[in-house]
Each structure stands twice: as C-alpha cells, then as structure tokens.
Amino acid sequence: MRAIGLMSGTSMDGIDAALIETDGETVAWLGSALTIPYGAETRALLEGAMADARGVNARTDRPGRLVEAERRITTLHGAAVRALLDSLRLTPADIDVVGFHGQTVLHRPDAALTVQIGLGQALADDLRIPVVADLRAADVAAGGQGAPLVPVFHQALVRGLDLPQPVAVLNIGGVANVTVLEDGADPIACDTGPGNALLDDFMAARTGRPYDDDGASAARGQVDEAAVAEVLGHPFFAAPPPKSLDRNEFRAFVTERLHLAGASTDDGAATLTALSAASIAAVVPLLPKAPKSWIVAGGGARNSTLRAMLAERLGVPVVVAEQVGWSADALEAHAFGFLAVRSLKGLALTFPTTTGAPEPLTGGVLFQPTP
C-alpha cells in the first residue's frame, strides 16, 4: 500500500510528511519527504495550547487555545500532504491512507491519559483520502505507556541491515526515545529523557534562535558534570524500560539543578547537550545486552556536538540515519505511514516490551472521507 505519514513532534518546529510503500510488515521503499516549518505565530499558539492542556482530565477536553490550535494544525497538515503530492505529481487517488499523529499536548500515562490534537475526519474530508489517527489512545487505555510507537517500524527497517547486534535506533526529538533490536528477540523500547526540547527552549530564551545550530554554542561551552550527575539522580533514569515522558516533565527539575540562570549561553547549551547524551547512555545498563551499533535520527542527529558527546559516552559507533539509507528528518513521518497500514490490517502497533501494554495491541481510528 502507498501511504503518507505525518508527524509534528514535541520539538514543535514543523510538520514532516513522507511517502512510504509498505504492507505493514515489510518496507518496499521509503519515498520522498518534506517539512513545512511552523511560523512563529503557530509555534506560539501550540506552546499556549500545551500550557492550557495541563488542566485537561479527559482526552476530549479542549480548554483555552486548544480548539484553535487543533483547527490550525489540521489545516496545516492538509497543506503538507498537498505540497508533497504536488512535488511528486501525484493525486489523492494515488494514496491509500494517511497516518496522522497530530500534536501531543499532554502525555500522562500514569493517569491513563494522552492527548494528541488534530481532527481526523476534517483531514480526511479535506484530502479525500482515508486517515488513520489517534494511534496512541488504545495502548494507554489498556495500561501501556502509549510511547514509543515506532519500534515495530524500526524492526522492519533493521531486518535489512548488516550491522553488529543488538542495534539501537535512537530518535532525538523534543524527547529522545530508543528501540533496541536483536534477531529472535522482541524489540525493547523507551523514552530515555530530554532530547532537544530543553536545549531548544533555552536557546530561544537566550538568543531568539529556535535551536543550537549544529551544536555550535555547546561546542564552545563547559559542561557542568556535577549538575548533570545530579539530574541523573531522578528516579526516571533508574527505571527499566518501558517508560515514557511528557515534553515538559523535567523542566523545573532540570532548571533548578543545572543552575541555568547563572550560566553563560555557551555553558548552558553545553550542559543541556551533555544531559541529553548522558540520559541516553544511562539506559544501556538497564538493557539485557548493550547495543553494539547505534543509528541516530531526529533533529538531534543534525547536532554534531551532541553526536560526539553521545559517541564518547557510549563507546561504540554512532551513525546517522542517512548512512544506512534512511532519512534522519523523515524517519518518524515514514513510521506513521507504516503504522497507518498496520492499523488498517489490524496488526499490532505496541507490545509489552515497548510500551508495557498487557499484550500486543493494534490501535488507531479510521476516518473515511464523507461521501
């Protein structure tokens, strides 16, 4: 089947749209992708919506700016699909399904609550293409973490690679997550801790720029290793997989312990980057076997300082997704196209070893265009 996957991650920097050909079990090819960046107004709206979501107690609650944000991102996701189709000279009739993640505004698996805004029916009607959305809800309702969702996709991709195993596929978005894969074993997965979110927010506040471009600021700074070690004392980092995080889970905890207010921009960036690397490395002792190969995707893959810190702490080769024929920027969008096809076929999206679900579970809600 030919699917388009859509992803707007916790970094809130834009929408990734990617074409994929798959039967939901194997990947025939990873097609073209594009990114539609969010403007400053949309990003501010999403940040406000995320703040308003803190008081949400049910998945359908839409207080404050959530209603406007949901409409806005649905419209923008439709525009992203059309832009991708136009770039490939395709029409909606050429696409079997769209996988629509939406925007996570609240993730509290401890309260059996995860909220992704986005109007699946409106998107299906706009595009005239079937849409699968709400991909996390069934897992959380069954007692799972609802994240990460992508391990089954990583498993399909890694089957075609000749790398020393176990292989870790690391996505560094706003939150970082890892999938650990070995032939004959169920995938193991979890969120590892802060990815880019805290660093991006720090850079935006200090410089007005949305991120530390290629880790240039961090490369000039000095890491406060004692402060990083103090943050790693949080119980989350000692908990075994599966486990997951909300984007803002550590904001107050980290800010207080890293003493960022008194740090220079470069030193703050260096320490936050080191925290991301150290929290990823901290998952290794919690695994049955240490990964022998690491493949890095997501926005963090574009940060050479973070990659260097990660390689130093892991002590094994770290390669970016492009080095194995994938796209670091589009990997999660490709994943949601893959997951949409699995959902259509009733195949499992989540597993006890990836989200803590009680059994392998399918998920997602299908929205057909209104006749």
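Glycine residues also receive a Cβ, built from the backbone N, Cα and C atoms like all the rest.
As recorded in Swiss-Prot:
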{"type": "BINDING", "residues": "G9, T10, S11, M12, D13, G14, I15, D16", "note": "ATP binding site"}
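Within the same chain, residues at least 6 positions away in sequence whose Cβ sits under 8 Å from that of M12 (ATP binding site) are Y38, R43, L46, E47, Q103, G174. The binding-site residues examined here are D13, D16; by Cβ neighbour count within 10 Å, the least packed of them is D13. By the criterion of other Cβ atoms within 10 Å of the residue's own Cβ, the least surrounded of the binding-site residues G9, G14 is G14. Counting only same-chain residues at least 6 apart in sequence, those with a Cβ under 8 Å from the Cβ of S11 (ATP binding site) are G173, G174, G195, N196, A197, D200, G299. Look at I15 (ATP binding site): DSSP puts it in a strand. Under the DSSP three-state reduction, G9 (ATP binding site) is assigned to coil, being neither helix nor strand. Sequence-distant neighbours of T10 (ATP binding site): residues of the same chain at least 6 apart with a C-beta under 8 Å from its C-beta are T104, G173, G174, V175, G195, A197, R247.
Highlighted in sequence order, M7, S8, Y38, G173, G174, G299 have their Cβ within 8 Å of the centre of the Cβ atoms of G9, T10, S11, M12, D13, G14, I15, D16, the residues recorded for ATP, and are not part of that set. For I15 (ATP binding site), the count of additional Cβ atoms within 10 Å of its Cβ stands at 25 [all protein chains shown].
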